[in-house]
Amino acid sequence: MTFAVGQRWMSESENNLGLGLIVAIDRRTVTILFPASEEQRIYALNSAPLTRVLFQIGDEIAHHEGWKGNVLDILENNGVAFYLLKRQDNGEEITIQERDIAHQMTFSKPQDRLFTTQIDRNEHFTLRYQALTHQQAQFQSPLRGLRGIRAGLIPHQLHIAREVGQRTAPRVLLADEVGLGKTIEAGMILQQQLFAEKVERVLIIVPETLQHQWLVEMLRRFNLHFALFDEERCADFEDPASALWINPFNTESQIICALDWLCEKPKRVEQLLEAGFDMLIVDEAHHLGWSEHNPSLEYQLVEQLARQIPAVLLLTATPEQLGQESHFARLSLLDPDRFYDYQAFVQEQQQYQPVAEAVQSLLADKPLSAVEKNHISDLLSEQDVEPLLKVLDSQAHDEQKALARQELIDNLIDRHGTSRVLFRNTRQGVKGFPHRTYNQITLELPKQYNNAANVLAMLGEKGDNDSFYPEQMFQKLNPDARWWEFDPRLEWLITFLKNHREEKVLVICRHANTAIQLEQALREKEAIRAAVFHEKLSIVERDRAAAYFAQQEDGAQLLLSSSIGSEGRNFQFASHLVLFNLPDDPDLLEQCIGRLDRIGQRRDIQIHVPCFADTAQVVLARWYHEGLNAFEETCPMGMTLFEAHQTQLNKFLQNPTALEGFAEFVSLTRKQQHELKQALEKGRDRLLELNSNGGEQAQQLATDIAEQDGTTELVNFTLNLFDIIGVDQEDLGEKSIVITLASNMLVPDFPGLKEEGATVTFDRQLSLAREDVEFISWDHPLIRHGIDLITSGDIGKSAVSLLINKALPAGTLLLEMIYVVEAQAPKGLQLTRFLPPTPIRLLLDQKGNNLAEQVSFSALQKQLKPIGKNMANKVVKMVRPNIEQLVKLSEQKIVAQAQQIIHNAQQLADQTLSAELNRLTALQAVNKNIRQDEVDALDNIRSQSLAQLQQATWRLDSLRVIVSNKE
């Protein structure tokens, strides 16, 4: 080694010190300063573990003043290198000494890292190559964005999510019946849009009572971290004494807020509009009241936002038959240019009703009547419909007729008036739901409650709803009163639990205090294991309670929950629901039952309602059951009837022992409920349901995703990733493991893994049963961030290995190189669909022959052995000229392969986007719901995509030096 003051060197044993500078030399030692780490080392001259840092023509150098330049020429004076650089910022040519090079200078090219002793372990190189190949596969997977949800694979949900999620700036109304998973559909659409980088900033507006439900659903099911915004949070950003003004909505990119709050605070709406968002999601959109001359404040607020925000999802469970005018208004929010005239909309909808009836005949395999054929011909062109009708009327084979029938239905769906903006599935259309059985338990009202009611009435403090929550009423007089010592509901519950020891039971109370006190009473009286679940707990604490309830062995027999606390949580593994307090409106009742009655529930649901005789509880329970049939069936018209009859109902509730005329009132309600139900059934749009359901394609989609759950490939890659990065793993059994950050991690941080760690599983069903267990798939943030951590960093970029092969002469050199072909383009173009970062593997021998096809990566890997770092450095120094020569040769050999990959990507993009554009353009001629801006956007995407693919490049990503030995 020849040392000179001012030279730059790297430490072979301490790469993390950065770029070193020789500051002193004496007869036996050399002193090197490492400014980046503020360290100094003294080495023996004849055995210093150092590598000289010299740059080549064309290399990029960072100057300590912050600018960068490319090397044009290299000079040397007294052993010190001088570089002629061309600055990247202004084009000026300037000569610098090597001491002026930035001390934090890093070496990212694999050959630079190799020659500066930054050599990785063999398994790191393997992990990098696997990460690149998996990244390519996942970018091109049609299932990306659909697999990672922690929910059952429900075909109709997957169909809607894929259909809408792949659009540019989707604007749709999701109107599935209650319990069919609109929130999940919206989440999956959002997830795909985020994965494709079509959206980044998202605003969710919901009723105040549903804020936490959405927060929990987005986090637990989709790993999306939303922030709740209210007046207190916004006020924190306003300091009258400060000149600095911050828009609070710019501080987060994914926000949930309450509709009521925004209506009260117009200033916040202005700030929302100023902040700007890419997607708006509005739940309970049927609350956006509208009439032609008097739109509600809520409607006008959402209308303002929807005009500015490109993508809009409106969620509602209210069918248009309960308010055609409001239904039109919701569609108008999505596309005001299309839905601008209410009367024209009504006439158009009437046109589709006969067609929907004709579809019923097609589905039932019945011959079409002349009238039905005419209705179909009115909607489809003659050239589309005539050949198909001829097949149906002919003596053709059943298979031919089935194909013709399906094509006819598909054509009708494409041309349906609202099929692109409206999706609705019904329970009747989806099937697979359990039965619900109502069990009323009538108990005698304790005298203590009666006395408390009389005292409060005398004091003028008795509330209208006290009779529904007698335990709360009793504690108004004495907050410490132990109501559970005399309340017969508790004794009934204890007996019920003893008789159903093997069953899981969900008990819902109106208030958190009731749930807390019930748990205490059950523990003290009978040592019954119960979990408590309410809004005063943090999300983590609720997770623990839910997990305790979900455990089959040693878990809680029952979960005691407040009605608000249970929002957003579903417990399909339980089939017994106890309503300790009867909800005081039909929507709340359905929300409580909906915790168990969800798609995916496999057993019939038993609903138990303990209530006191001669009280408002019994009166309301009877009206719910006999009038609305709300316990045993979903009742979409429940709130409509409740609001229509609220005055009359309240009279009976306030005087529950004077029920003259109540039977007639219940009978009237039942009659109206039946009429509304029939109207809804008659108005069912089977064509719309067919489009929303997805049919066999949706079933196949669910099957395809299920086949990818927990594959050996995924499990092996994940565990290997954890091992190498430095994530500790503890096997818990039951197909789950606990992962935590190790103290000696390879990287400073692992995005997606919390400090306290996580419990994870590759089993979808286990993750559904236990809310504290995360479901690992290719879409999970840990896997996506882990792959990105490897491929975007320096881990595994250079390695040296020993090849044990007796057939090769000892010392034979092979160079394994991984090139990556990629396109740098705006995120929204989604070019990774056509050209993800694509690895190309070369394996060159000393003569420059490419052996990659003859020797696979895995076959070679099995013959390799690790080599110590000191020996690896010596090998690299010995064969450096050979390596440099082979790298140059590889640059020629890679061209043809890379260009072919780019050409294939261009063809795929052209075919895919042209087909989408042609179909959309053709449909636009017959379906007014296809917006011109949607067509223009797709045309623009096609042009930009092809242009950007033309600019695709390739680079050397990583390399491995392989030297053979006999043993």
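In case you wondered, yes, glycine gets a Cβ from its N, Cα and C as well.
Computed from a predicted structure; not experimentally measured.
The domain 'Helicase ATP-binding' annotation in Swiss-Prot covers 163-337 and is backed by sequence analysis.
LEU180 (ATP binding site) falls outside any helix or strand according to DSSP and counts as coil. Taken from Swiss-Prot, the feature ATP binding site covers ASP176, GLU177, VAL178, GLY179, LEU180, GLY181, LYS182, THR183.
Residues or ranges marked as motif 'DEAH box' by Swiss-Prot: 283-286. Tertiary proximity for the motif 'DEAH box' (283-286) is limited to same-chain residues at least six positions away from its ends with a CB under 8 Å from its CB atoms, namely 173, 182-183, 186, 204-207, 210, 214, 259, 302, 314-318, 323, 326, 330.
Mean pLDDT for the domain 'Helicase C-terminal' (489-660) in the predicted structure: 88. If you look up Swiss-Prot, you'll see 489-660 marked as domain 'Helicase C-terminal'.
Sequence-distant neighbours of LEU180 (ATP binding site) (same chain, six or more apart, CB under 8 Å from its CB) are HIS156, GLN157, ASN425, THR426, ARG427, VAL430, ILE599, listed in sequence order. Between the listed binding-site residues, namely GLY179, GLY181, the fewest other CB atoms within 10 angstroms of a CB are found at GLY179.
The candidate set comprises the binding-site residues ASP176, GLU177. Of these, ASP176 has the most other Cβ atoms within 10 Å.
Note: the motif 'DEAH box' (283-286) comprises 2 helix, 0 strand, 2 coil (DSSP; helix = H, G, I, strand = E, B). Within 10 Å of the C-beta atom of VAL178 (ATP binding site) sit 20 other C-beta atoms, taking all shown protein chains into account. Residue density at LYS182 (ATP binding site): 24 other Cβ atoms are found within 10 A of its Cβ, drawing on all protein chains shown.
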